[in-house]
Amino acid sequence: MNTATGFIVLLVLATVIGCISADFQGGFEPYEGEDAERIFRRSPTCIPTGQPCPYNENCCSQSCTYKANENGNQVKGCD
């Protein structure tokens, strides 16, 4: 076994031992309760006035109407 192979074997062995010890210490336990909700909760956002809107409920004003854009095309935009 040459030096490079020995180094790789030691690196893999250290990684496996590290993962096993982290598991015994509870390092891989999932978040529970409010912590998980706080991490994955999305903040409510709305589309400001003048921006294109796909749905009425996404506009801050709750109103989405057809308007002419800079090219003269009719697009839905938040009021």
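Including glycine, each Cβ sits where the backbone N, Cα and C put it.
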Per Swiss-Prot, cysteine bonded by disulfide to Cys53 (from Cys46, Cys64): Cys64
Residue among Cys46, Cys59 that, according to Swiss-Prot, closes a disulfide with Cys78: Cys59
Closest of Cys59, Cys64, Asn69, Cys78 to Pro52 (site 'Critical for insecticidal activity'), Cα positions, recorded positions only: Cys78
Euclidean distance between Cα atoms of Cys46 (disulfide bond) and Cys59 (disulfide bond), Å: 5
Three-state secondary structure, Cys64 (disulfide bond) (per DSSP): strand
